[in-house]
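Database features (TrEMBL):
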type	residues	note
SIGNAL	1-27	signal peptide
DOMAIN	374-458	domain 'X8'
TRANSMEM	475-493	transmembrane segment
REPEAT	548-620	repeat 'Solcar'
TRANSMEM	587-611	transmembrane segment
REPEAT	629-711	repeat 'Solcar'
TRANSMEM	631-650	transmembrane segment
REPEAT	724-806	repeat 'Solcar'
Amino acid sequence: MARVEFLVKAFCLILVITHCQFQDAQTETLSSIGVNWGAQASQPMEPSVVVNMLKNNGIKKVKLFDADSWTVSAFRGTDIELMLGIPNDQLKKLSKSKDDAKDWVKENVTKHVKDGGVNIRYVSVGNEAFLSSYNGSYIHILFPAMQNIQRAIEKAGYGDKIKVTSALNADVYESGSSGKPSNGVFRKDTYDVMKQIVQFLDEKNSPLVVNIYPFLSLYQSKDFPEEFAFFDSSNSEIDDNGAHYSNMFDANLDTLVASLKKIGHPNVPIVIGEIGWPTDGDKNANVQNAKKFYRGFLKKMASKKGSPRHPGTMTVYLFGLFDENLKSIAPGNFERHWGIFRYDGKPKFQVDFSGKEQDKYPIAAKGVRYQEHKWCVLKNNISNITSLGGAMSYACAGGDCTSLGYGCSCFGILNGQGNASYAFNQYFQINDQSVEACDFDGVATIVSKDPTKGNCRFPIAIYSNGNMLQVMHKLGGFFIMFSLILTIVWFHWESFLMGPLTLSVKVQDSAISSPPPDACIRRKQNSPVRNSFASVSIGEEKPFDFLRTLFEGVIAGGTAGVVVETALYPIDTIKTRLQAARAGEKLVLKGLYSGLTGNLAGVLPASALFVGVYEPIKQKLLRIFPENLSAFAHLTAGAVGGIAASLIRVPTEVVKQRMQTGQFSSASGAVRFIAAKEGFKGLYAGYGSFLLRDLPFDAIQFCIYEQIRIGYKLAARRDLNDPENAIIGAFAGALTGAITTPLDVIKTRLMVQGSANQYKGIVDCVQTIIKEEGPQALLKGIGPRVLWIGIGGSIFFGVLESTKRFLAERRPALVHHSKSEKVKD
Ligand SMILES: *[C@@H]1O[C@H](CO)[C@@H](O)[C@H](O)[C@H]1NC(C)=O
Ligand SMILES: *[C@@H]1O[C@H](CO)[C@@H](O)[C@H](O)[C@H]1NC(C)=O
Ligand SMILES: *[C@@H]1O[C@H](CO)[C@@H](O)[C@H](O)[C@H]1NC(C)=O
Ligand SMILES: *[C@@H]1O[C@H](CO)[C@@H](O)[C@H](O)[C@H]1NC(C)=O
Ligand SMILES: *[C@@H]1O[C@H](CO)[C@@H](O)[C@H](O)[C@H]1NC(C)=O
């Protein structure tokens, strides 16, 4: 019976699955249609999610604006044709150096084509490089850069398959005052170089790529007939020697055709690099117009009629795939709203990529992960909003407020308070919902009810590659928990088998009386080596002397800290300089000991305080927790010790790092200057990230160290000697150091920036580093760091344990002494 039921269910499931696949396969998309995928967003979509979405929508051509390796490799194994882009800021380099061009091709083309099976078909060198607003900056470097890339691609053996071109803006050609397409000619300042470029494209059988924007014509000119921007009117606006133009696209295209004819290359294939309609940020930019535009345009593409002077079909790349909230709004507020899909991969309007005018939404991205369902809004008891101007402009400088303006999606829907809430939330979400990003002098608060009103959406940020820190955090945390559990299980195997919960109790209770019930415990008690007070509490039966523990901890910690710091200061200096050096700067090796005095003055009390707090708390907690949970005692004690020490450590670190990078020459001078110039806040700059790094760091390092020691002791059945402590310390240090490197890089950057405030916070710092220097920059200095902390760990724990033993050995004598004194009294 159950079997039959199972078979029926399985059969139904198979039916459903095949049906779904059948439906997916039905998505019919014009083969000439491609899309532009730009990623200037605070939380760009994950490439694999996007590629799946493209596949589901039947899109076979994609144009990118760079060659980001993660993005490109997501196309591995698909048949989607790629056009890679080279940003304008790389043109100079590539125009000058054949080697740089070769490297570019090797890293960004060959690697993907050869190893990954990515279907790269075009490279667009530069993007709209001849835009008149660039004042001719690229006129003389675009063509040489194209030639160098072409040569490099030919050398790599892909000359036939991968075509070099350059996506140009439509203002490289013009039709003069007549506006007649047949008068089309390349703009005067670009005429000569366009002639060379077109000749080159013709020779290499590459297409000319041009971006045509009816929306911009409408936006820029008051007299522009609105319907001329669309495709539904049959009124001829321009009559040109018998050719009638009822839409601006045809007229613009034919202007290009005429321009090409004039320089003698009428047959160069034309590709439309960008065309589309934005949905917000201007009175003409809305969902209805975008739907109307795409509907008309795609229908026209499906008809394959072409324009009067360019009949037939051609490839077009729609602009664009997603909204991009970090795009410059210099051209207009609409710049951030070109997406057919929203920032999270949800379609905004109905669009039929088959050109059949069906009212259906394209298929949304699947598997997008949203951040928490929370929003940052104005507190509801704030009624006087006249004073909020400053907070609003701050929020809107960082976040995207382009939907608030006249005629936009939130205009007329929100009141003044709503405006403020919208701005606050945009800033909050762009900063990955960081609590600090929802302060605004106390007038903002975080809520869990969606404040969205009508078409005015309050978005929730998605998780993306910009959230590396969180991912690392999770991975790091997972890794640590995993190794901890492994370590604990490994070393406590024996006690697990024997019923761990009773073990410590028995040991403590049975210390004097009844014989221990099993050999293991007896062994420990018979152990000839006296437990130093610092060792883990197995079999610890001495009464707990808080003051003594504190005192000895302070001494041992202070000693260990000073020894380590003095020994390793030069390596630390090198590390800091490596991390603070931005790409291309040289490393200075002078004055490796500068700042040591100031640093020792901080390290001594900090380290003393840390161990002083750590030891008694650890001892206390170990008495509370069962033995098999000792790891938690160590973690907690480490964290508490870390918090105590950070009060001293942070200012010291700030001074140290600013001195190491050469901003100050004496510690006291640095303190005075920072306190005067930047106040108390300056001395505690980067406190958040310091806690972020150091708290887990200390806790983890001490925990790993103690846990390994416990295990080692159980295995060795004796107390450890100094070299053993040192080796375990080194291992714990190196492991912890490697895991926490990114946190350290961020902390250093934040602390070194001073009042320049280059980064807005932890998240911004990470995003900027990743964007400007790549994710690997977060691992800058990992070599010296692991070395430093590994060696540091070995010295620190070695010195710590021997100092503690030294002190402990004196302890019984002291106790005895005082007793005898009492007796004497
Ligand atoms: C490859 O492309 C990326 C992204 O556009 C760029 O940052 C990198 O510099 C390129 N590689 C080389 C060797 O130029
Ligand atoms: C071009 O020139 C204008 C006016 O001279 C100037 O405002 C603008 O910043 C320049 N743009 C570039 C990219 O150099
Ligand atoms: C709003 O309420 C909060 C507490 O709920 C209070 O601290 C704040 O002073 C109030 N603000 C105004 C302007 O009433
Ligand atoms: C609102 O606040 C501003 C500045 O804080 C103040 O000048 C104005 O008088 C206040 N208006 C009301 C109605 O309280
Ligand atoms: C909201 O902000 C926009 C843009 O700053 C402004 O045009 C609009 O008038 C504001 N609305 C209210 C009710 O203050």
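Placement of Cβ uses the backbone N, Cα and C atoms for every residue, glycine included.
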Averaged pLDDT score, the repeat 'Solcar' (548-620): 76
Counts by DSSP class (helix H/G/I, strand E/B, coil) across the domain 'X8' (374-458): 31 helix, 10 strand, 44 coil
Counts by DSSP class (helix H/G/I, strand E/B, coil) across the repeat 'Solcar' (629-711): 74 helix, 0 strand, 9 coil
Secondary structure tally of the repeat 'Solcar' (724-806) (DSSP, helix then strand then coil): 73 helix, 0 strand, 10 coil
